[in-house]
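Undergrad: My structure is below; once you've seen it, I'll send some questions.
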Amino acid sequence: MPFDVRRFDIYRKVPKDLTQPTYTGAFISILCCVFILFLFLSELTGFIATEIVNELYVDDPDKDSGGKIDVSLNISLPNLHCDLVGLDIQDEMGRHEVGHIDNSMKIPLNQGEGCRFEGEFTVNKVPGNFHVSTHGATAQPQSPDMTHNIHKLAFGEKLQVQKVQGAFNALGGANRLSSNPLASHDYILKIVPTVYEDLSGRRRFSYQYTVANKEYVAYSHTGRIIPAIWFRYDLSPITVKYTERRQPFYRFITTICAIVGGTFTVAGIIDSCIFTASEAWKKIQIGKMS
């Protein structure tokens, strides 16, 4: 007797003349297909979309930066002339720079009565400060007005990722226009290194920060009031890493198979129960009539 490979068929076919279509079965089949399509599209959307996974660890992520952090500052002082506005930088490594002017720009405001300072500079990865003041001016004003509005203060690369919500520009929009004109302002910043890695493996390095502030009147040794806007910073040893990921293809296929198989199985059980109950009801009715 020749070997018949069909004996290994676990999906045996039932002849059509031994099956019976019903309206209930057709209705359940249509609902089943619609439900499968809905779940399939939902899973496909989730597979195409990416997710952001974050983690914390102790490290200096941007080791190629040479120990520097890029800073971008944009601040308006509506009642202080541009000739008087300056940026000073100092830190614990001994850096002390008065009147920093590289990559900076001063834009007159209020017909020259005020000034908007925009600057990009670097600071060392050690505790320090940078401050906007009149310290570098040739002639010191009698009563400098340090009321201000901070448009932007950001560190590192700019991250334009919708799913990442962080304090990358925590001081953006800070308004101190109603403060005491002769008051100094201290902004104490805790900078947190942040890494974003996209699907291609490209890494971008930025920094988030928290901020606390205080306002006070400071006097020099001669008794003069010398207000300034101080940004005192320190770095956190904790790094935040955001990794962009996509669901693996094998998991997507597994989920689709589970959806299709599970839906057909449940639909078959429901249809079988309805058909059995219907047949039993018919027999009861025939028994009553007889």
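Any Cβ shown, glycine's included, is placed from N, Cα and C.
Residues or ranges marked as domain 'Endoplasmic reticulum vesicle transporter N-terminal' by TrEMBL: 5-97. Summarising the annotation, TrEMBL assigns transmembrane segment to 20-41, 249-270. The domain 'Endoplasmic reticulum vesicle transporter C-terminal' annotation in TrEMBL covers 106-271.
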Undergrad: For the domain 'Endoplasmic reticulum vesicle transporter C-terminal' (106-271), what's the mean pLDDT in this predicted model?
TA: 89
Undergrad: Against which stretches of its own chain does the transmembrane segment (249-270) lie, if we need a Cβ under 8 Å and a gap of at least six residues from its ends?
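TA: Residues 28-29, 31-32, 35-36, 39-40, 43-44, 47.
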Undergrad: Give me the DSSP three-state residue breakdown of the domain 'Endoplasmic reticulum vesicle transporter N-terminal' (5-97), ordered helix, strand, coil.
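TA: Here the numbers are 36 helix, 26 strand, 31 coil.
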